[in-house]
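To start, the structure itself, in structure tokens.
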């Protein structure tokens, strides 16, 4: 096993145990209402175990954070593409200049 795999196991196994314990401790069904003015409105009230609401909130936070990070790093990805293109152009120019000045090739004068 690689060190990366061992480290991920060391982190993920305790995390899984904690999440399972959290799920078991919070399996009571709770109501979530979207209407703050009429909390008894059954059309806008959803019932689910508390751990589902917690995990759902965590998942939404991770997705939103990932999207925001991806969007803010767009300028860095764009700059990297530009630098790679520039580097390949410079490499082509260097190779063509090298071919022109190899021993055995006469200069074009």
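Keep in mind that glycine also has a Cβ here, set from the backbone N, Cα and C atoms.
Summarised as a single figure, the pLDDT of the domain 'Lipopolysaccharide assembly protein A' (46-92) averages 96. Annotation comment: TrEMBL describes 46-92 as domain 'Lipopolysaccharide assembly protein A'.
The transmembrane segment annotation in TrEMBL covers 51-72.
The region 'Disordered' annotation in TrEMBL covers 80-109.
The compositional bias 'Basic and acidic residues' feature in TrEMBL is assigned to 83-101.
A Cβ distance under 8 Å defines the sequence-distant neighbours of the transmembrane segment (51-72), meaning residues of its chain 6+ beyond its ends; these are 19, 22-23, 26-27, 30, 32.
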